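J.: Can you read through this structure? Questions will come right after.
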Amino acid sequence: VCAVLLCQCGVCLPLQERGALGFERHYHVTDPFIRRLGLEAELQGHSGCVNCLEWNEKGDLLASGSDDQHTIVWDPLHHKKLLSMHTGHTANIFSVKFLPHSGDRILITGAADSKVHVHDLTVKETVHMFGDHTNRVKRIATAPMWPNTFWSAAEDGLIRQYDLRESSKRSEVLIDLTEYCGQLVEAKCLTVNPQDNNYLAVGASGPFVRLYDIRMIHNHRKSMKQSPSAGVHTFCDRQKPLPDGAAQYYVAGHLPVKLPDYNNRLRVLVATYVTFSPDGTELLVNMGGEQVYLFDLTYKQRPYTFLLPKKCHTSGEVQNGKTSTNGVSNGIHIHSNGFRLAEGRAHASPQVELPPYLERIKQQANEAFACQLWTQAIQLYSKAVQKAPNNAMLYGNRAAAYMKRKWDGDHYDALRDCLKAISLNPCHLKAHFRLARCLFELKYVAEALECLDDFKGKFPEQAHSSACDALDRDINAALFSKSDTAEDKKGGGPIRLRATGRKDSISEDEMVLRERSYDYKFRYCGHCNTTTDIKEANFFGSNAQYIVSGSDDGSFFIWEKETTNLVRVLQGDESIVNCLQPHPSYCFLATSGIDPVVRLWNPRPESETLNGRVVLDMEGASQANQRRMNADPLEVMLLNMGYRITGLSSAGAAGSDDEDSSEGQVQCRPS
């Protein structure tokens, strides 16, 4: 307000301008706005699916690309079409980008005809056409620090870099994924870090997401050319396409292990969209065939599968819910031979009391758990965990709810919660037992047996409980079964690095990079991403307070970033929502999909009638999407054709691996 008054008085200083802009951007997306988000307008002009959207930097222009091979530039604030032009492409447009520092004059498009076109909007002409790719171009990326440069990702497995200052007007290969993953790999998406334009993230076939240092790659190639021995190679010499340290991989820790199962069910894992948070410290990935994942680029963590606390402390060493780690970071120790607890018996540890308001939330979560409302229990525990991140009981209880719900990735999140609970309270009995059960469900059978044996030694009074006996039977049955999975697990080497059965030639360098990959921080569930490979997920809000994603059910989903709780579902398309692009500075969202329209969403007035596009049964929509993701591809096709498939119960939403109902006192109820 002060800044506005000063501007009106003619005393507007840069400091006030920055303050006003900072205030606007900080508060432009808030919880009340999210809960009032509704449809403002539909922009009509395309005659085919709208596959891509892009705001200009100021947010007063919106560009769209379509199956009709046209691009349209809109004035979204006044719902007007400013310009429409045929791009010269001969197939569907998949990506559209404004070139930075061009005064919104230059627009770049990539399409299914394998071409990249550059257009001058002032004269409505295509001024450059690049035909270097040999398969569909799926994404274009730009960066403010590189004003005449842009990049493309295509299904030929190549990431190409373009420089419009070059007289030849050709591109060069920046990254060739086929050198690492074989000829079948396809690049699907890419994005440049907004705070450090030297970093490029790439999504491709499979569960791994790659982060590259562009500057290191260029410096490496320059040094190779300048080296006196650049043209001299011995018989055993091998030129590395990328220098050490130029690539870092990220993956949801459970997905490599699930790949054989997914492949057998014709379920494809592919990153359909990647984007950085506004401050460049987080990477968001919409994983086709699975969930949405957020990776922390600052506080990185290894996949949890081979981690367990090194020592279970006695009660005297546990104070206020915290334990000394004896020099082991976060109380976690890596074991090359699986899971091993310290010898000796465990003792009860005192719990930290929660503040009254958090105790009430925990009790509400426990009540939801008792009513088998697993998602509601998880959301309440997550809300409490955000406020009390050092309370072991909350993690242990949430793990129990994850294990009961059994959606894709729930057992791995439960494992993570168990490890967190044990690191906070090394004598958390239920967390120890649930950890063994999670390992079994994740197909780490030998490790599960070792963990269960250690549990029995640590808690001998539980050694013959019904839950222990049931898990023991399950583990031994799996160990002595003739399944290929069990036999492969007995072989050497981590299962998470194994080939998927396809004839992809995975290089040694690729294997090393995968082994060094980092795990996710948050997971967002509820949507479905199996039908299209251009489905986006984005940060919403200048502080990335919310996560938004399209879905195969025609809705788009909004989650709180920090709690991962689903807060809003809106119907955005008659079939599928693919694109969601938030306005750079307003609570304003543009979406598109199969329908030939662009839809604009903003907070509706409180006086407005009930929003007919709100999906009130968010839990029902989420469960239906889990069933859809796990359905047979033929069943999904029939569903899309309007046929109802019987026999897809909610219990089968994430695999019907029912746990033994007689879990006994160590697992069944939350604390």
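Backbone N, Cα and C define each Cβ position, glycine as well.
Just lifted these from TrEMBL, have a look:
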- 650-671: region 'Disordered' (REGION)
- 43-75: repeat 'WD' (REPEAT)
- 86-129: repeat 'WD' (REPEAT)
- 540-569: repeat 'WD' (REPEAT)
- 570-611: repeat 'WD' (REPEAT)
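Neighbours and distances for these, please.
T.: Here the repeat 'WD' (43-75) has, by DSSP, the following mix of helix, strand and coil residues: 0 helix, 19 strand, 14 coil.
The average pLDDT computed over the repeat 'WD' (86-129) stands at 97.
Here the repeat 'WD' (570-611) has Cβ contacts under 8 Å with residues 21, 24-25, 28-30, 32-34, 36-44, 46-55, 57-59, 62, 64, 66, 68, 74, 76, 79, 531-532, 534-542, 548-556, 558, 640 of the same chain, all six or more residues outside its ends.
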J.: Which residue counts does DSSP give the repeat 'WD' (86-129) for helix, strand and coil?
T.: 0 helix, 23 strand, 21 coil
